[in-house]
Amino acid sequence: MESEQLYHRGYCRNSYNSIASASSDEELLDGAGVIMDFHTTEDDNLLDGDATSPGSNYVMSNGGGAPSSTTHLLDFLEEPIPGVGTYDDFHTIDWVREKCKDRERHRKINSKKKESAWEFTKSLYDAWSGWLVVTLTGLASGALAGLIDIVADWMNDLKEGVCLSAMWFNHEQCCWTSNETTFAERDKCPQWKSWAELILGQAEGPGSYIMNYFMYIYWALSFAFLAVCLVKVFAPYACGSGIPEIKTILSGFIIRGYLGKWTLMIKTITLVLAVASGLSLGKEGPLVHVACCCGNIFSYLFPKYSKNEAKKREVLSAASAAGVSVAFGAPIGGVLFSLEEVSYYFPLKTLWRSFFAALVAAFVLRSINPFGNSRLVLFYVEYHTPWYLFELIPFILLGVFGGLWGAFFIRANIAWCRRRKSTRFGKYPVLEVIFVAAITAVVAFPNPYTRQNTSELIKELFTDCGPLESSQLCQYRSQMNGSKAFTDNPNRPAGPGVYAAMWQLCLALIFKIIMTIFTFGLKVPSGLFIPSMAIGAIAGRIVGIAVEQLAYYHHDWFLFKEWCEVGADCITPGLYAMVGAAACLGGVTRMTVSLVVIVFELTGGLEYIVPLMAAVMTSKWVGDAFGREGIYEAHIRLNGYPFLDAKEEFTHITLAREVMRPRRSDPPLAVLTQDDLTVEELQSTINETSYNGFPVIVSKESQRLVGFALRRDITIAIENARRKQEGIMLNSRVYFTQHAPTLPADSPRPLKLRSILDMSPFTVTDHTPMEIVVDIFRKMGLRQCLVTHNGNVLGIITKKNILEHLEELKQHTEPLAASWYYHKKRYPSSHGSNGKPRSRVHHVQLIRSFQDARGGGGDDSEEEVHLLDGSNL
């Protein structure tokens with residue numbers, strides 16, 4: 001339920017029904033105060049995933065007249081207030097409060113279910129609503145994934161030609177029914193016409209090659225241009241893979257519209273266009289975002305999830321599992337991916353529902369059969385050779401390569417994304433996409449391994465050479481002994497085709513490495529799984545062929561003679577490609593268990609788990625030696641999202657009093673007393689400060705803590721009281737106690753705000769080690785924690801203070817994000833220095849404070865949190 005919008009000094013109206021003057025929950029009561037500007041423009045209405053309507057502007061003015069003797073005394077806040085307990089855009093949820101609300105709701109339902117058959121039916125509906133929402137999510141995710149796969153394959157082949165007999169068939173489907181195909185040229189049939197044949201009437205020759213080259217570039221640029229324009233105009237949140245934002249949202253952060261219907265629609269369409277354009281990206285990562293959009297939309301059908309942000313995140317965790325399930329055909333790997341990589345809170349019930357959602361999604365995808373092979377897996381392999389102990393050496397070397405590649409890619413991509421933000425080049429996303437797409441198309445066409453679809457390339461690299469394979473990678477020479485040809489000998493000397501393929505693969509490897517660095521971060525949907533796997537598969541296939549030839553020519557070496565006899569089936573180059581793909585993907589993402597399971601589900605290679613485990617762990621160890629962050633954590637930190645990584649270790653010795661606010665140079669801590677404030681004084685405190693919450697104490701003399709009240713809840717409560725109660729005036733007494741204080745007979749009616757008071761806020765003493773405080777914030781999902789000394793309130797530690805402190809410690813070793821800095825000003829942050837409302841941009845960059853040149857800050861100074869223009873993922 002969205003709150004009504006408020007508008008007074010320091011407040012700003014927007015389409016998300018949020019109180020924009022209040023700072024985000026990460027900035028509660030920071031010493032100098034923080035105000036985040038989220039003033040929206042008209043375009044933001046398209047991104048609002050929640051079907052809300054703009055509210056009215058409410059002014060905190062003196063409401064109501066004198067109390068009437070016939071009016072019943074309304075204890076206003078004994079019943080729930082609309083808007084209290086909800087959250088604004090770019091705020092963090094209160095996990096503890098949300099779980100308490102859910103337990104209270106559950107108790108209420110259980111207490112009433114025996115009263116009538118209707119109440120019992122409602123309790124059954126509530127119990128099954130979780131299974132219903134994950135079922136709908138799985139059905140929608142599987143259907144959309146199948147649609148994306150089919151359309152992307154057709155549009156990818158459209159760059160090379162068209163099927164005259166049926167326009168909706170891709171190249172492979174067009175030649176299925178043809179009786180004129182040959183084994184050597186199985187992809188050529190009369191029904192399929194290249195663009196040179198259609199336009200020039202000839203299939204061979206320089207003119208035909210140039211025409212096909214031109215049409216390939218034309219379609220690639222057209223698809224890329226259409227994709228980036230749709231994203232820019234209709235749904236800026238549809239760009240990137242979405243996994244960094246999904247991780248942040250699952251940790252409790254609110255990004256309105258990121259999982260909305262517009263984002264889902266545009267992401268589905270532009271994902272097909274981006275993949276078909278030939279850019280070095282994949283559709284597997286964005287499918288997780290698509291599945292989470294489905295889960296978010298369906299959760300609004302059930303009040304159990306629509307009114308509780310913590311419960312909604314359980315659905316999103318299950319949706320993440322469904323997304324990986326349909327992306328790779330790996331249901332179990334999807335569950336483990338959700339558990340290991342993206343989820344922040346993953347109870348046992350969510351594990352079961354994630355498994356069920358992945359099952360339903362995989363079943364729907366298998367029913368659609370988008371790959372036409374009657375299999376769920378994308379790269380099914382069937383190797384006939386077991387692996388040998390000696391091969392662990394090249395497998396581990398591939399793991400080392402994967403770790404080095406991952407570390408290099410993370411540093412290079414983050415450096416380029418940071419440069420994109422700080423230069424004029426980043427202000428023209430359409431031109432950047434067109435430029436990268438043009439270079440990709442021009443360089444990719446001459447090389448058959450870069451021209452073809454990346455998924456088809458990986459499939460070819462994984463495939464073992466057999467009698468039915470016509471790939472250039474399988475053109476080995478057959479040795480003759482008299483009149484007999486040993487064509488069944490798997491270890492044969494490489495022929496000219498294999499050596500030519502090796503050179504082309506080396507060029508493709510260099511091309512993929514360079515283009516992936518510049519592609520990931522463009523303003524189009526772009527996944528990283530498939531490009532990373534392609535790089536590893538190319539490197540692995542090269543290493544596999546090299547080891548195979550080494551074993552053939554030097555079979556008498558001690559490494560080979562024990563287990564590889566002449567003519568024996570020893571080395572499988574396709575296995576090396578599979579291991580290399582897992583190693584490179586692990587080096588980039590730092591996934592371990594889920595990655596191994598995804599790869600063996602992806603390929604069906606259950607026998608080769610040990611080589612996969614060895615390579616993945618090696619890649620993680622090597623990558624961690626250069627930096628413990630994966631690519632998603634690096635982008636989270638680059639964009640300044642308030643995310644506390646559970647994998648990060650806190651090793652420094654500091655105390656809570658060294659991190660808490662206010663510090664010695666800051667203004668005193670703003671507090672509220674429990675029973676001696678008036679409405680006017682409370683309004684003045686809210687208007688003159690930007691703090692998002694206030695500790696409530698016994699009195700000015702006794703600083704003992706009573707509770708904690710949020711700024712948003714106080715404001716909404718006052719407005720609701722003025723509309724529903726008579727007699728609430730500026731000099732009305734406000735009290736947070738159970739019973740009203742003794743007042744003179746002529747005093748106006750008091751206002752009771754006890755129900756919005758958190759009576760059990762988390763507190764630590766000033767001597768608590770920060771290591772413990774950080775663990776509390778991570779495991780409890782806190783937004784703020786009060787610091788006390790002998791029961792007296794000293795200060796507050798917020799999530800933003802934790803992030804700022806961790807960033808300070810990292811600056812000495814590994815700076816990644818820009819420094820946090822504040823700008824002091826004397827006008828509300830919702831307006832610019834010219835007094836006009838500022839337009840909202842979409843990503844938050846948390847910034848660290850410095851004292852301004854005038855030295856120190858005044859009491860009325862406010863801080864501005866700078867925002868990043870658009871998404872980089």
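Every residue gets a Cβ built from N, Cα and C, even glycine.
In TrEMBL, annotation is done automatically, which means it is predicted and not curated.
Checking the ranges 258-279, 610-631 against TrEMBL, the transmembrane segment annotation falls on 258-279. Feature region 'Disordered', per TrEMBL, maps to range 851-873 of the set 92-114, 828-850, 851-873. The transmembrane segment (501-522) shares more Cβ pairs under 8 Å with 534-555 than with any other stretch in the list 315-339, 388-410, 534-555.
If you look at the transmembrane segment (534-555), the same-chain residues 6 or more away from its ends with a CB under 8 A from one of its CBs are 391, 394, 397-398, 401-402, 405, 449, 454, 457-458, 461-462, 473, 491-494, 498, 502, 505-506, 508-509, 512-513, 516, 561, 564-566, 570-585.
Non-local neighbours of the transmembrane segment (388-410) in the same chain are 513, 516-517, 532, 535-536, 539-540, 543-544, 547, 559-560, 563-564, 570-571, 576, 579-580, 582-590, 611, 614-627, 629-631, 634; each lies 6+ residues outside the stretch with a CB under 8 Å from one of its CB atoms.
For the transmembrane segment (430-449), the residues of the chain that approach it from at least six positions outside its boundaries are 213, 216-217, 220-221, 223-225, 227-229, 232, 277-280, 420, 457, 472, 501, 504-505, 507-508, 511, 515, 518-519, 522-524, 538, judged by C-beta separation under 8 angstroms. Tertiary proximity for the transmembrane segment (575-600) is limited to same-chain residues at least six positions away from its ends with a CB under 8 Å from its CB atoms, namely 324, 328, 330, 332-334, 336-337, 339-341, 381, 383, 385, 387, 394-395, 398-399, 401-407, 409-410, 458, 461-462, 528-529, 532-541, 543-544, 547, 606, 608-609, 611-613, 615-620, 622-624, 628-632.
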